[in-house]
Structure formats: structure tokens, C-alpha cells
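Notes for the one structure printed next.
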Amino acid sequence: MKLLPPRRAGRRFVLGAAVLLWQLSATAQAVEPISLGLAIAGAAASALTGIISYPKLYCYFAHCCLHKPGARSGTVLQEGLDDQLFGQHLAKKVIVKSLTGFLNNPNPKKPLTLSLHGWTGTGKNFASRIIVESLFEGGLNSKFVHQFVSTLHFPHQQNISQYKDQLQMWIRGNVSSCPRSVFIFDEMDKMHAGLIDSIKPFLDYYEELDGVSYRKAIFIFLSNAGAEKITEVALDFWRRGKRREDLSLRDLDLTLSVFNNKNSGFWHSSLIDKHLIDYFVPFLPLEYKHVKMCIRVELESRDYEVDEDIVTQVADEMTYFPKEERIYSDKGCKTVCTKLDFYL
């Protein structure tokens, strides 16, 4: 039997329902008017129920936010991180395990809340983009993904009360429309202290709040807070001759560093105090070899053949720290694109 494509199958199903109603109406002379009305109404309800019992067909008729096929397996996410995120073995492991575990839990007790920490250019924004691309068609452009930048959306300290109300209304409205919504908060280190606590109820262990369940939503915070601690531990490992890949999450406990950082949006935040952030994800400073990897990928993305001379020249132009050892790129891979423009 030849299978129909989903769109054609849906249309054929609706057409079949219409034919059924026409056949019923053809027997009108043999059926009392009231009985006929009930029969047609019943057939219509059955047809509609049959249609909406199929998720893909249901999305033709209603607002739908299904994840991409295969999102729960984590394969697409893992491949995206492996191909595009370099030098971040800890971040990859935590992100893949936490996200796949959450998506495969049919009844999560709370939303998944990840907080990504590290210096600029280490891959935090990159990782959040890869996450949403593995979940929804359109990635960051999906109507189910909502991104906030502190300096853009919450610039003025004197308006903090207004921001709190707006933020709560925005999250409530979007989760009501799509329980699987993703919210990304960038530049958390520049967010006014106390503002992020306004969303605490949405991250807590509640079945529902005013008739809305937030338990299937995902919240991602991006911050430079704790970067000093991450670099300190990584540099100590390097100086003791240990492998970078041997660093574990136990070596990088960021909770206190973030909680007590006065320049962080998490300054004395109840989100940390009440243990509502599920994972603090460390992004390690990038080494010379990782910068070269970023350059190669950027060349390939522009359909250029990888020229190792250009790769070396661009990598050598970056600045590194500490001043004596010159181990880590002070901007990570952030300026690779603009520096590469000079050679291309």
C-alpha cells in the first residue's frame, strides 16, 4: 500500500469525514429530522476527534509546540556540540545528560534550569543556540524560544518593578501558549540584583500556578560570573601537569562564587538559596589549539578550503593570558570571524 505524505494524508482524512456526512444526509428521507441532526453531529464529532488524535494533524488546527523528531534521543544535540563547541568536555556532558533526561521524563517536577558560566567567547551563546536548534525548527527564531538580554530589555535600575511585572506576564503568556517554551537570559552578570527573583515561582516545585503548569519549560541563564574561579582551577590543573579533560564538576563548585558576586544578577538570589538552578555549567577558557579549531570551522562554514597558514596567522594574532605562559585566549573565539575577514 502506498503511504501518503502527512499533509496529503490529513487532507484525505478530512475529505473522508466530509463524504461520511454527505452519505448520512442522503438518508434524510428515511430518518426523523432530530435523529438525523444527532447522527450528523455525532459523525462530525467522531471525525474531528479522529483528526486531532494525531499530533501532526492536530497542529494544522491548533497552536502546537512539538519538539523536533529525535530531540529526546539527544543525538542531534550531541552531534551539534561535538561539531561546533570546542574545549568544553564538562559543558557537553552536563548539557546532553540533563536535557535528554528532562525530555524523556513524562512528568517533571519542575522546569529544567541551566546556568552557563565562563568568560566571553568560550561558547555559552553557541551552546544555547545548539540546544534550541536541536529542539525546534528555526532554533533561536522559533516562536517558542524567547531570549532576553539584560542591557537591552532591562536597562534602567529605576524601572525594576515594571520589569518584574512585564517579565512575569511574558513568561506566563508564553508558557500558557506552549508548555515546552524555552527562555534564555543573556548577560546575567549585568542584570540588576533582585530582578531575576521575580520568576522564582515559575522555577519552583508547583503543579500549577493560576491554572498554568511550568514544569515542562526550560530556562537557560548565561553569565560571566564565576569565570575567575573556573580559570583559577583550570590554570592550577595546567601548572600541575594535569590533563584538562580530567577536570570534573567537583573541582568547579560555582555556587558560592555566583551567589556572592555583587556584579552578578544572582547576587544573593533566592534561586540559588532555594536550590532552583539544576546545574551550574562551567565553560573553560580556550587554549590556542581550540582557537585554531574555531577558525577551521568558520572557514568551512564560508565554503573556503581550510588553509593552515591562515589558521595559524589568525590564531597568532589573538591575545593570550597569563602574560608569562600565554595559555588561554582572552576573548575565546569571539573575534575569530572579524579577524578572518582581513584574510578573506
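Backbone N, Cα and C define each Cβ position, glycine as well.
Annotation comment: TrEMBL describes 1-30 as signal peptide. The feature ATP binding site is assigned by TrEMBL to G118, W119, T120, G121, T122, G123, K124, N125. Annotated domain 'Torsin-1A C-terminal' per TrEMBL: 286-343, in sequence order.
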Name the residues of the same chain, 6+ apart in sequence, whose Cβ is under 8 Å from the Cβ of T122 (ATP binding site)? G87, Q88, F283, L284, P285, L286, G332, C333
Its residues classified by DSSP, the domain 'Torsin-1A C-terminal' (286-343) shows 32 helix, 5 strand, 21 coil
G118, W119, T120, G121, T122, G123, K124, N125 excluded, remaining Cβ within 8 Å of their centroid (ATP): F126, N224, F283, G332, K334
What count of other C-beta atoms do you get within 10 angstroms of the C-beta of W119 (ATP binding site), across all chains shown? 23
